[in-house]
Amino acid sequence: MGLMVVGCGGTNFNMLTFGAHQFDSLGDRDVFFNWSIVVMYAVRIIGSTSIVFVEDSISWALGYGVSAAANAIAVVLVLLGSKHYRRPAACGSPFTGLARVAVAAIRKWDVVVAEDDSKYSHGTSELEESINLRPSQRFSLLNRAAWICHGDTRPDGSIAKPWSLCTVQQVEDFKSLLRVFPLWSSSIFLSVSIGIQLSLTVLQALTMDRSLGPRFAIPAGSMVVSSFAATVVSLLLLDRLILPLWHKLSSHPPRPLLRIGLGHIINTAGMAASALVERKRASIVRSHQAESQHGEWVVPMTALWLVLPLAVTGVAEALHFPGQVALYFQAFPRSLRSTATGMMAVIIALGFYLSVAMMGVVRRVTGWLQDDINGSNVENVFWLVTGLTLVNFGYYVLCAKLYE
């Protein structure tokens, strides 16, 4: 399990960065991000259906074997194309430079900075993006980290004390992270809401009629496939229909901030749809006086009702997921591009951990979540999540305005 986690963490989102480096224009990169996520969600559908079927019906060993073979084929394909890839040169750890900015700014907290641009350090490295970059006034307290004081430089102009003096480019890179961090934090609750919806949907499905014909029943854990499928279809429509139409009507591509904002709104609609479906399910339970029923009793309501809210959430993911990847890739410093796409993995991990914590708090404080879902008040949980996603959307709008 540990090896699998390390492998996924090192490939899934780094592949997005590596692939984006193969393109020069923002439009081509956006298309690449869209199709990468299409493939990512399409294989999740295969894993949640075909592989699960093989493991349940034939052999767990065969299921793991098929997965291992697929990974081996992927490695071979990457190696076959390696001679054609652009490979950016390694330039050391970017985190060291960021840490130096913070330390240097603290050390020089009492330094008076004048309006003399010649006193700022621009560095001599060819890796600097611009040797004439003027420090911006946003987060101006950090500018003193690039202010040259006595003894900070050698006679040839190179930096003598790297933990006391940074280049303007390093300072601006640090500022770019500070600018985008609030936007990143506003996406964590998106993942929290999705985690709660998926968890409760499985519990709902276990009590409902999941049969499709006389011989087949949908596994409760496979209901999430409808969300993945909605994401794939939405991304295909965006790439093949909506975005080309947008380009014909406007000379500017849709901004990532717009896509993320629309994703926030539609995600809220998905949570509200889950609340309405649960209201219907709970009303049927009450009409049969089955609040305390356990075991084999099935709510006479098809589990396909759960597809609608999951599909709405999937449409939202088709907007905010690629939008976030594109935004972070553009906003992060060049040296942190791999970290930029990896921030999505951090959001997903934090969101799902926090969703478990939030449900635990709700269970202890409100009593809405009991051991038996039929005796619980899951509708209130969904309405609570809906309200919090609306508040989070307001926070996102504020962060977006500050970012711009």
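Note: Cβ is positioned from N, Cα and C throughout, glycine not excepted.
For 32-54 (among others), the entry in TrEMBL reads transmembrane segment. Listed as Cβ neighbours of the transmembrane segment (32-54) (distance under 8 Å, sequence separation of 6 or more from its ends, same chain) are residues 12, 15-16, 19-20, 22-23, 62-63, 66-67, 219, 221-222, 224-225, 228-229, 231-232, 235-236, 238-239, 318, 321-322, 325-326, 329.
Per TrEMBL, the feature transmembrane segment maps to 60-80 (among others).
What TrEMBL records for 183-204 (among others) is transmembrane segment.
Residues or ranges marked as transmembrane segment by TrEMBL: 216-237 (among others).
Look at TrEMBL and you will find 257-277 (among others) tagged as transmembrane segment.
Residues annotated as transmembrane segment in TrEMBL: 297-319 (among others). Panel annotation: around the transmembrane segment (297-319), residues 37, 190, 194, 197, 201, 204-205, 207-210, 218, 220, 223-224, 226-231, 234-235, 238, 259-260, 262-267, 269-271, 273-274, 277, 280-281, 284-285, 288, 290, 374 of the same chain, lying at least six beyond its termini, place a Cβ under 8 Å from a Cβ of the stretch.
Sequence annotations record features per position, and here TrEMBL assigns transmembrane segment to 340-361 (among others). Residues of the same chain lying 6 or more positions beyond the ends of the transmembrane segment (340-361) and with a Cβ under 8 Å from any Cβ of it are 9, 12-14, 16-17, 20, 184, 187-196, 199, 321, 324-325, 328-329, 331-332, 369, 381.
Annotated transmembrane segment per TrEMBL: 381-403 (among others), in sequence order.
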- request: Could you pull out which residues elsewhere in the chain have a CB under 8 Å from any CB of the transmembrane segment (257-277), counting only those six or more residues past its ends?
  value: 183, 187, 190, 193-194, 197, 200-201, 204, 305-306, 308-310, 312-313, 315-324, 326-327, 379, 382-383, 385-386, 389-390, 392-393, 396-397, 400, 403-404
Message: Take the C-beta pairs under 8 A between the transmembrane segment (183-204) and each of 60-80, 216-237, 381-403. Which stretch has the highest count?
response: 381-403
